[in-house]
Amino acid sequence: MSDRNETQVIYLLLQGFGNLHSFNMFFFVIFLIIFTSSLIGNLLIIVLVSTSRPLHAPMYFFLCHLSVSDIILSWNIVPILLCTMLGGAQRVSLPGCIVQFSVFSAITITECLLLLVMSYDRYLAICYPLRYASVMDFRTCTHLAAWPWVLGFSIQLCGIVPITHLRFCHNNFIDHFYCDLSPLRRLACSDTSIVALIVFVFAIPVFVLPCCLIVMSYIYIFITILRIPSTRGKQKAFSTCSSHLIVVATFYGTLITKYMLPSQGHSLLIEKVISLWHTVLTPLFNPVIYTLRNKDIKTAARTLCRKYCT
């Protein structure tokens with residue numbers, strides 16, 4: 001009888017940051033500026049890598065793919081966040097909510113694997129410079145860039161399929177600004193243990209293993225850098241991987257805080273802020289770090305500016 005009396009949810013209401021009240025317009029402008037800047041920054045990297053011959057190198061090829069993933073992540077999350085800032089809670093269909101989470105999880109997995117590929121590229125470039133050009137040829141780079149996308153959108157299906165079989169009833173209010181796993185599980189009126197088990201099982205090869213491999217690669221990189229006799233040589237070698245290291249630390253720092261630490265210690269506001277950093281600020285942070293700390297990209301940007309501004 002209880003199953004028959006349940007009201008099946010067909011749409012969900014995303015609250016966003018509904019408790020900001022009079023500050024909604026202020027934060028709308030801030031998030032709009034961040035969103036626009038992140039799109040411009042990532043598009044600029046794609047244009048520069050595509051048009052500038054000095055940037056036709058494996059490191060920048062992988063960076064271009066990272067920028068594409070950041071653009072998709074921003075477009076998937078930020079527009080509905082901006083709508084909640086202007087119009088309050090936004091109505092989203094249940095299938096649309098699941099699609100949004102599907103894209104979010106696929107891009108997150110893809111970025112984890114792309115960062116692993118980029119660390120492998122830096123490992124080869126610094127630890128085996130004489131073999132680097134022969135190993136990182138066009139065919140290898142294409143395969144290494146394609147597999148994160150293939151695996152990212154394939155692996156997420158394993159977690160999405162069980163979610164589509166969950167029943168959502170009575171409450172359709174999500175106190176978040178996008179459809180994440182934890183609020184969806186809290187709304188479900190059916191058993192979510194299978195979903196939790198699948199997420200836990202795939203977290204090891206998708207998040208933990210790449211993180212460990214990245215740490216190991218940088219241990220070897222640092223050992224190799226310390227063996228370089230000249231101080232200038234050490235600085236030059238470290239500068240080629242410092243930007244990537246900062247991006248890795250930021251990306252995995254937010255993931256560990258969001259998913260690996262006990263959720264009982266997090267309030268909903270803290271959970272939103274951590275998610276905000278991962279989904280809104282990180283897509284802006286990546287191009288800023290790479291453009292400000294990379295001489296080749298700054299040179300290509302000045303060349304492009306002189307070409308079209310004179």
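Including glycine, each Cβ sits where the backbone N, Cα and C put it.
Here's what TrEMBL has on this protein:
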type	residues	note
TRANSMEM	25-48	transmembrane segment
DOMAIN	41-290	domain 'G-protein coupled receptors family 1 profile'
TRANSMEM	60-78	transmembrane segment
TRANSMEM	98-120	transmembrane segment
TRANSMEM	141-163	transmembrane segment
TRANSMEM	194-223	transmembrane segment
TRANSMEM	244-261	transmembrane segment
TRANSMEM	273-292	transmembrane segment
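The average pLDDT the prediction assigns to the domain 'G-protein coupled receptors family 1 profile' (41-290) is 88. Stretch with the most C-beta contacts under 8 angstroms to the transmembrane segment (60-78), considering only 25-48, 98-120, 194-223, 244-261: 98-120.
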